[in-house]
Amino acid sequence: MEISSHQSHLLEQLNEQRRQDVFCDCSILVEGKVFKAHRNVLFASSGYFKMLLSQNSKETSQPTTATFQTFSPDTFTVILDFVYSGKLSLTGQNVIEVMSAASFLQMTDVISVCKTFIKSSLDISEKEKDRYFSLSDKDTGSNGVERPSVYSSSWQEDGGSPRSHLSPDQGPAIVSGKPWNKYSYHPASQRSPQPPLAKHEQRKDPIKKTKHLRLPQPSEVVHFKSGKGDARTSDSGHHVSQSEEQVQVDAEVDPVSAGYPYSQGPEVASRSFPDNLPRLRFKCPYCTHVVKRKADLKRHLRCHTGERPYPCQACGKRFSRLDHLSSHFRTIHQACKLICRKCKRHVTDLTGQVVQEGTRRYRLCNECLTEVGMDSLPADLETEQHRVSPADGDKDCRWHLSEEENRSYVEIVEDGSADLVIQQVDDSEEEEEKEIKPNIR
């Protein structure tokens with residue numbers, strides 16, 4: 001039978017012992033402030049303390065002291081309280097410092113809680129932004145609905161009803177409260193995001209819209225004016241032609257002032273289409289850095305936390321970015337591998353040998369040595385000195401020649417690291433004559 005309250009009661013007793021400095025055998029010094037704790041508790045709660053205390057496990061009788069300069073005492077107080085109570089006190093001001101200290105101390109539970117806290121704060125900020133933009137969309141939508149009424153009232157002031165100046169399909173659209181449906185106009189909330197228009201397209205749009213909003217000819221107006229006289233018809237036709245010319249001129253000058261509710265000008269696009277404009281969505285809550293994607297923000301937060309989640313499988317070194325790890329592995333570990341010149345396979349000092357032909361040296365594996373018939377190489381000391389790997393470039397490799405050979409041949413001094421050849425030549429007879437001539441006077 002398991003008693004769930006036993007764990008919490010045990011933590012309370014240990015925390016009380018820590019506060020009263022009872023059986024505390026470990027001291028942690030953080031920027032001059034000393035914290036008392038128990039080895040067993042620190043060993044069980046932190047991977048860093050587990051590694052540190054296991055190295056000093058033989059000296060259990062002596063008290064252990066650990067010093068840290070990477071985080072502040074307030075940050076370590078939050079972590080130590082979590083170790084002894086299971087309660088983590090996170091705020092918007094200390095979450096980055098606590099996460100950085102937990103990453104250094106290798107406390108995965110604290111890191112996961114800090115990540116969840118940061119993600120929740122980002123979600124809240126995103127919801128506030130979405131709410132703000134939804135309210136702005138409603139405002140722009142209400143402005144777009146009211147514009148047809150302004151358009152119709154302007155025609156009423158000129159002396160005619162709006163129904164008399166529109167085609168038969170346009171009249172019911174205004175009465176039903178859904179204006180300009182025949183011209184593919186939708187409120188801002190129903191529109192799908194579109195890319196920003198180019199400058200030359202924006203200039204051509206007002207002219208195109210005058211064609212779509214073309215007013216009917218006088219003959220069409222006569223068709224709707226039932227019971228009116230011919231004189232009334234001619235006067236109204238003349239009035240419509242003048243009004244049509246005036247509207248076209250106004251639309252070319254300023255499409256917004258003419259009452260077009262779906263004009264694609266720069267001003268209206270910024271009011272009705274806030275989502276079309278490029279806006280940076282994610283802002284770091286601890287600095288002024290702003291990014292577009294959540295993955296970029298997650299990578300940026302590692303600058304504050306010091307987290308390095310990508311370890312090198314060869315040497316164990318950790319990196320904060322995956323491209324840094326691949327570059328490290330390619331330049332450090334792969335570049336130093338020895339390769340057989342013939343088969344291009346990786347060889348070692350045991351599976352290959354260095355072959356020297358004159359001043360040229362290269363490495364061959366044992367199989368390639370057997371194929372080329374060089375398996376019976378002399379094993380005396382002089383030849384062994386020439387079999388030097390590229391890593392032993394600091395050793396001095398010289399030709400061992402007798403004095404007679406030095407007189408007759410050119411002495412070659414070879415540098416193993418850079419494969420440089422330096423020739424030391426005796427002075428010729430011509431140079432000796434030049435040195436003697438100044439003395440004969």
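Glycine is no exception: its Cβ is also placed from the backbone N, Cα and C atoms.
Just so it is clear, the model here is predicted, and its values are computed rather than measured.
Annotation comment: Swiss-Prot describes 198-208 (among others) as compositional bias 'Basic and acidic residues'.
The compositional bias 'Basic and acidic residues' feature in Swiss-Prot is assigned to 227-242 (among others).
If you look up Swiss-Prot, you'll see Lys178 (among others) marked as SUMO2 cross-link, on the strength of similarity to another entry.
The feature SUMO2 cross-link is assigned by Swiss-Prot to Lys182 (among others).
Summarising the annotation, Swiss-Prot assigns SUMO2 cross-link to Lys199 (among others).
Look at Swiss-Prot and you will find Lys437 (among others) tagged as SUMO2 cross-link.
According to Swiss-Prot, the feature domain 'BTB' maps to 24-92. Sorting each residue of the domain 'BTB' (24-92) by its DSSP state yields 32 helix, 15 strand, 22 coil.
According to Swiss-Prot, the phosphoserine annotation covers Ser161 (among others).
Taken from Swiss-Prot, the feature phosphoserine covers Ser167 (among others).
Residues or ranges marked as region 'Disordered' in Swiss-Prot: 135-248.
The zinc finger feature in Swiss-Prot is assigned to 282-304 (among others). Within the same chain, residues 92, 96, 99-100, 118, 121-122, 125, 320-321 sit at least 6 positions outside the zinc finger (282-304) and bring their C-beta atoms closer than 8 Å to a C-beta of that stretch.
Same-chain residues lying 6+ beyond the ends of the zinc finger (310-333) with a Cβ under 8 Å from its Cβ atoms: 299, 302-303. For 310-333 (among others), the entry in Swiss-Prot reads zinc finger.
The residues of the zinc finger (310-333), classed with DSSP into helix (H, G, I), strand (E, B) and coil, number 12 helix, 4 strand, 8 coil.
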